[in-house]
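As recorded in Swiss-Prot:
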{"type": "BINDING", "residues": "17-24, 85-89, 139-142", "note": "GTP binding site"}
{"type": "DOMAIN", "residues": "8-268", "note": "domain 'tr-type G'"}
């Protein structure tokens, strides 16, 4: 098979949702169909000691939430599937945002009882900004939930995206009978020995069933007043195909996977800083680092740089240019993943995600190229933290471990690091409290460095240009600091302090990140 044909087989997507909507469970079921796991372990197994395959970090196993993005790969129905399971917890939005830059489509998991929740909305905005296709899986049909028509309406009103149902539930909760599959013109049955029935058979099976009659009425209404199906609108991110099912009981998941692979796009090109589009089918290898993860194997204190291959083919041992430094690097120790387990990879192509063993060479956002044509891909988004803590080592004798741990975790993007201009104190910035807890837990567990963390509360952060900097601007209402790239930054007590500063120094340009 040619490299071009291999590239066209790739389907790379992320799964996004609000916490507890069932994202990790559906990931497990997809891996089960891909033959990667013998049985799909449900996430509820905290007491039983069985954990979800994609939740591999110690703190994730303890708390049953995903706090890093896992990468998993399998072959199914002639396609090579790359799934990126993103953190559902709201505190981990930065890692999630960056992961969404490395995929060609997104699967949005929605709880049928709760509908669109805050985190789903935030993540959807990032996906919408990229203009990639979104496939919706409305989960937990085995429990009582909201009316399907109401859920579709909410999708359109809250997220502003048109929807098209690919199947329709027959009852729900204890009265759940199955799905009317509009795409394949058949019924998928929840109970009994037969999994599928044709529509004629189904009509006999559900004769006088009030739920089935309601389904027929709903479908008639959708055909008259609903959106038209359009593959073009799906691929441009304007129309989301909607699937109903139950990940926990593995119902409707395989039908979803089959249909998803029918419509999901091949690998996309990516834009450079200059606006040039790099085509996946180009001969020369290129890729970008979208994530760095330390200690995926705690026994070896390792660091892995996750690279999305944008074009061409990776071959083990190849030399690449690191555009940021202008230096060359040899890619010999490269892996592909199944959450925490990994295997050495000899070659991979555009659309694949590879893990490059990193000794401190790479940073998030780095571009790797081969050949004379050197370029940089568009920068990945950074976010503005709201919560801050002072941090210092509990044991002065452990300074070395403290600095190593902090440097590695900050490079991962788990937290942001700032240093007080006047006192030299270290400060950490995060979107939510859980990030600090994970930082503390990992510093102690992975680097044997206990830390003292002192809350500083909420701050309003703005960056300024080096040439505008005057230390006299510092006052009791703000803290002047430097970020880890040595850029000057002000941490204001509140919005009032920010406005006061802006009025006093009208010529100073204050910049806010995402």
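Backbone N, Cα and C atoms are what each Cβ position is placed from, and that goes for glycine too.
Since we're looking at a predicted model, the values are computed, not measured.
A 10 Å cutoff on Cβ-Cβ distances gives residue 141 (GTP binding site) a total of 26 other Cβ atoms nearby, all chains included. For the recorded site, residue 17 (GTP binding site), the DSSP three-state label reads strand. Counting every protein chain shown, 24 other Cβ atoms lie within 10 Å of the Cβ of residue 17 (GTP binding site). Counting neighbouring Cβ atoms within 10 Å of each of the binding-site residues (20, 23, 86), the lowest count belongs to 20.
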